[in-house]
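Working notes for the structure below.
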């Protein structure tokens, strides 16, 4: 550790801590002792539920697989030369092999039954939105984006249609993206040149819905969009005036209700 005397106690302390961290890292970097990473990975592969199950017990050394047990084979097999003596030794132990073969039922099928309700049977509806990647006039090259998010399981089919006809050319996808919360998302984009009056539809099929989800995007010219916005603005303004008029009317009615002609009983 190197300590330099500088004015100001806090600066000296900060510099001292920094130098201590640096010196510890340098000391660690100077340690030339070999380090190894050993990893064991157990896998269950299911086909058509539990109709066919495959169990794998895999062993890795420094991220390289060197040995595995495969229930389809029934014994250990060396993947590299490093695993050959281990495979020969373990294959000679009949009790160990019987135990590993039994993992298909007492490990894989058992855990499938425990987790089936919240894994295999889990269903979450997708959320679908459609929008252009760029805001620009019609008859210019653009990218229409169909965003499908928050769905489970990951099996999904997304299609693009233009005026009712499926578009296959110019369709690109990000593929499945894991959200980290047991849901997925994907973006499926259509390269096209939108023209006024055209209707683009993104159709999504997913196990969580009984019928396909469809979201439309209509190509409108700037003048049509301006007219639509003007119409919406006029409608909202009319509602505001109507609300203000009704408020004034009912307030006046309430004020007059307290004045009654002489002689009437209330």
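Note: Cβ is positioned from N, Cα and C throughout, glycine not excepted.
Swiss-Prot lists 1-29 with the feature signal peptide, giving sequence analysis as the kind of evidence.
The annotation topological domain 'Extracellular' is assigned in Swiss-Prot to 30-227 on the grounds of sequence analysis. Here the topological domain 'Extracellular' (30-227) returns a mean pLDDT of 93 for the predicted model.
Sequence annotations record features per position, and here Swiss-Prot assigns site 'Self-peptide antigen' to 40 (among others) based on experimental evidence. Taking the Cβ of residue 40 (site 'Self-peptide antigen') as reference, residues of its chain lying under 8 Å away and at least six apart in sequence are, in sequence order, 57, 58, 59, 60.
If you look up Swiss-Prot, you'll see 44-108 (among others) marked as disulfide bond. DSSP assigns residue 108 (disulfide bond) to a helical segment in the three-state reduction. A 10 Å cutoff on Cβ-Cβ distances gives residue 108 (disulfide bond) a total of 21 other Cβ atoms nearby, all chains included.
DSSP assigns residue 48 (N-linked glycosylation site) to coil, not to a helix or a strand. The Cβ neighbour count for residue 48 (N-linked glycosylation site), using a 10 Å radius and every protein chain shown, is 6. The feature N-linked glycosylation site is assigned by Swiss-Prot to 48, with experimental evidence given as support.
Under the heading site 'Self-peptide antigen', Swiss-Prot lists 90 (among others). Less than 8 angstroms from the CB of residue 90 (site 'Self-peptide antigen') sit 76, 96, 97, each of them six or more residues away in the same chain.
Counting every protein chain shown, 20 other Cβ atoms lie within 10 Å of the Cβ of residue 100 (site 'Self-peptide antigen'). The site 'Self-peptide antigen' feature in Swiss-Prot is assigned to 100 (among others); the stated evidence is experimental evidence.
As annotated by Swiss-Prot, site 'Self-peptide antigen' applies to 110 (among others). For residue 110 (site 'Self-peptide antigen'), the count of additional Cβ atoms within 10 Å of its Cβ stands at 14 [all protein chains shown].
Look at Swiss-Prot and you will find 111 (among others) tagged as site 'Self-peptide antigen'. Residue 111 (site 'Self-peptide antigen') counts 12 other C-beta atoms within 10 Å of its own C-beta, drawing on all protein chains shown.
Helix, strand and coil content of the region 'Beta-2' (125-227), in residues and according to DSSP, is 6 helix, 53 strand, 44 coil. Swiss-Prot lists 125-227 with the feature region 'Beta-2'.
According to Swiss-Prot, the domain 'Ig-like C1-type' annotation covers 126-214.
Among the features that Swiss-Prot reports, disulfide bond is placed at 146-202 (among others). Note: residue 146 (disulfide bond) has non-local neighbours 128, 129, 130, 158, 160, 187, 188, 189, 190, 202, 204, 215, i.e. same-chain residues 6+ apart with C-beta under 8 A of its own C-beta.
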Neighbour-count leader, CB within 10 A, disulfide-bonded residues: 44, 202: 202
Euclidean distance between Cα atoms of residue 100 (site 'Self-peptide antigen') and residue 108 (disulfide bond), Å: 11
Minimum Cα separation from residue 100 (site 'Self-peptide antigen'), reported as the residue among recorded positions 44, 48, 110, 111 that achieves it: 44
